[in-house]
Amino acid sequence: MQSSIRNFAIIAHVDHGKSTLADRLMEMTGTIDKNRHEEQMLDRNPISRERGITIKLAPVRMEYRISNIEYRDSKFYIPNSKFILNLIDTPGHVDFSYEVDRTLACVEGAVLLVDATQGIQAQTISNIYKALDKNLVIIPVVNKIDMPNAEVEKTVTALSDFLRIAPEDVIRISAKTGQNVDQILSAIIERIPPPRLHPILSGSATPPYQGGEPQEGKTLLLSKEESSANWRREVVFQNLKALIFDSYFDTHKGVIAFVRIFEGQARRGMKMKLAVGNRLFETTEVGIFTPDLIPQDILKEGEIGYIVTNLKDIRDVRVGDSIIDQGKTVGVPGYKKVNPVVFASLFPTDNGDYENLMKALEKIYLTDSSLEFTPMYSQALGAGFRVGFLGLLHADVIRERLEREYNLSLVLTPPQVDYKIEGDVINEPIVKIMIITPQEYLGGIMQLCEDHRANFLHMDNKNQVTIEYDMPLVEMISDFFDSLKSVSSGYASFDWELLRYDVVDASRLSLLLNGDEIEEFSQIVIAEKAQYIAMDLTKKMKDLIPRQQYEVRIQAQYKGRIIASERLSPFRKDVLTKGGKTVGGGDVSRKHKVLEKQKEGKKKMKMVGKVEVPKEVFMKLFNK
C-alpha cells in the first residue's frame, strides 16, 4: 500500500493562493463537490479567511485514479492506478513557523507555490530551506498566471535560478480557474516518493531506510524489475511510532492528535504512550481526514490520520511529540517545546468579565496549545492575565477571537519581549532577519535597519536584493514591519528567527505620579532611547490624566534618576463664594485666611492622597 501513498505539503507565502489550490486539488480528486458554495475548505476559521492567511493547518486525504502516465525515464512505472494523496496545508506566516517545520517532517515532498504578481518572498525562502534540509522533493509552481499584472516568465526564471533547475520544470497555473492544476497531480505522483520509514529532522534524524530513499532530488519510482508485493517488506516494524503535527480538544473524545505513522500500526483499543509527555492512554478511535474526521479500522505505516487519546489536558499532547507503544521509550527525534516570543497583559474593560475571559482563554487553548497565560492583578485595571504569544500576528488573532467569538471588550498592553536578567546584567533576545526587496528601495531599508539597532550580515544582489541583519527583537516588534512596508511601498518582505541573547545597556523605566510608581507603565528600556521614551510618556500622561484638586508631578525614573518630568496644575475651587455670597463680606483678612486654609488642605491631600488614573487613560494609551 505504501507504494501508492504520496504525502506532501504546500509551501507558500501569505496570500499566494495555497488554500485556493487545495480547493482545486480536492475538486479534481472528487474529495469535495465542485458545485459547493464554500471556498477555502481547509481554512475554516473566519478570521483566517478575512485576513487572507492560513492560521490553523488542516490535513486532507484524497484518492486519485489515473490510467496512463509517461515518465521521463521509461524504466520506471507505477504498479497501481489508484493513489492516496495526503495533503497538509500549512500556515504562511512566520509566527507559525514551528507548525510548518513539524508538517514538513511528516511528508516526502512539497508543492512550492509562488505568486506571479509578487515573486519569491522572504518567508517562502525560509520554508524552502526547511524543506531542503529535510531532503524533501520540491515541485515548483507559479500561480496567478491569469492576472493582468502577472510577471510569469520573470518569476519562473527567479524560481528556477534559486532551485537550480530547468525553467520547464516549473509548473505554471491559475489556482482560481484551475488552469494546469492537473499537472500538479501528475507531478506529485511522478516526482514525490512513497513514504519513508524514518523522518528527516533538520539534519539530526535517524539515517533513512536504505531500500528506497531519493538521493540528490532524483525521482523515486518502482523499476520494472521490482514488485510492489515485496517492496519494503523485508523489514517489518512491530512497534508504533507516530509523529504529532497538531492536536485539539474534543468535549466528548478528549484530545485528538493529528499524526503521521512512521512505524508500526495504530488500531482502536491499542494501549499507547506519549514519548515526551509520558502519559499512558488507550485509544478508542483512529481515522483519516476528508477533511472531516472519518474513523478507520487501522492506520498503517506511511499514512496520515488522527488518534483519539481520551486525555483531558491538551498540554499533554504537544506538537512534535510522538505516540509510541506502551513499554517503549524512543519516539521520533527532533521535539522541542514551543516558547512564547512576545508577552502582553490582557484585561477586560468590565471587571465583571474576568471569569468570562478566563473561560474564553481556556477554550482557545484547547485548539492552540502554543498560547500561555497566567493570572495577574493591576491596581488600575483589575484582574487580568499575562499572555505569551508566538508573535504579533498571533497576539492580534487571539485578541480578535476573544472579542468576536466571546463578545469581550479588552485592554491589551503593548507587547514586551522576554529579557533574561542576571543580577544587574540584562540580556535581550536577538533575531536574524532576512529582507527581500526591489533594488530601488534598498537605501531606505538599510537606513531603517540601522535606526532599529540592526547589524548588517549579508547581501545577495540578483533579480531582487536579499539582505540579512541581526536585530534586537524588541526593535522588530515595535514599528519595524509597518515602517518596512512604508519605506518599500509594500514591495519588501521579511522573515526572522531567534538567534541568541546579548548583553544590553538597559534598565527599568518607571512612571511616577507624585512619587508613586504606576506598575502598568514600567518597562525595560535601552539607555540610548530612555530619554525620548520618558519624555514622550510623561507628556502623554499629562494630556490624558484629569486634573486633580492638587498638583500632580508626572516623572519618569531611570537608573535611579528622574530623566523627564511634567506638572499637572490643580483646578481651583472657588472657596470665596458660598451660597452665592462672598465669604467674609469685604474683609480682606478673612479672604486670606480662607485661601491659606485651602492651600494647607491641598498640601495635605497631596501628601496622603493617591492620584486617580481612570481606566480610560490606560485604554487610550495602550490602544495607540
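Each residue's number is its place along the chain shown, starting with 1.
Glycine residues also receive a Cβ, built from the backbone N, Cα and C atoms like all the rest.
As written in TrEMBL, here are the features:
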- Asp15, His16, Gly17, Lys18, Ser19, Thr20, Asn143, Lys144, Ile145, Asp146: GTP binding site (BINDING)
- 3-196: domain 'Tr-type G' (DOMAIN)
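Look at the Cβ of each of the binding-site residues Ser19, Asn143 and count the other Cβ atoms within 10 Å; the largest number goes with Asn143. Sequence-distant neighbours of Ile145 (GTP binding site) (same chain, 6+ residues apart, CB-CB distance under 8 A): Ala116, Val152, Arg172, Ile173, Ser174, Gln179. Confidence in the domain 'Tr-type G' (3-196), given as mean pLDDT, stands at 81. Comparing the binding-site residues Asp15, Gly17 by how many other C-beta atoms lie within 10 angstroms of each C-beta, the top residue is Gly17.
With Asp15, His16, Gly17, Lys18, Ser19, Thr20, Asn143, Lys144, Ile145, Asp146 listed as the residues that bind GTP, the site has a largest C-alpha separation of 17 Å.
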